[in-house]
Amino acid sequence: MTRPVKKLPRMNVWPADFHPRRWLTDEEAGQAACAQADPDAWFPERGGSTQEPKRLCATCPIRLACLTVGLTRREPHGIYGGTTVKERTSMLKRASSDSIGLASDSIGLASERSSLVAGGC
């Protein structure tokens, strides 16, 4: 007989090492628009407002670096580069389907090139 697995409680406050600034260089982190802001604002409770962090991210000179961190690490929580988890997931899905399309295009081009070379053109 197996025991039921206990569901972990949802954390409402995320540790500072989850914040995007943690994964940027010191120079980048110092330039971040959020450098003087409360890190908890980037990890709102479910249904909480994302308006203020997104507003700050929109003015940030390193927004792209922060977004790259969120996308690369596939961060499951928080605002990164002005995007929510849902928005980043959507971006990754689009990028994946674009990559599949590009890969099939390049395969098509490769076979086209092969037939040209074989035909002596």
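From the backbone N, Cα and C atoms, a Cβ is placed for every residue, glycine too.
All annotation found in TrEMBL is predicted automatically rather than curated by experts.
Keep in mind that this is a model prediction, so the values were computed, not measured.
Here's what TrEMBL has on this protein:
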{"type": "DOMAIN", "residues": "33-90", "note": "domain '4Fe-4S Wbl-type'"}
{"type": "BINDING", "residues": "Cys34, Cys57, Cys60, Cys66", "note": "[4Fe-4S] cluster binding site"}
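Sequence features annotated in TrEMBL and their locations in the structure.
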residue : record                        : Cβ neighbours (10 Å)
Cys34   : [4Fe-4S] cluster binding site : 20
Cys57   : [4Fe-4S] cluster binding site : 23
Cys60   : [4Fe-4S] cluster binding site : 18
Cys66   : [4Fe-4S] cluster binding site : 27
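Per DSSP, the domain '4Fe-4S Wbl-type' (33-90) is made up of 28 helix, 2 strand, 28 coil.
The average pLDDT computed for the domain '4Fe-4S Wbl-type' (33-90) is 91.
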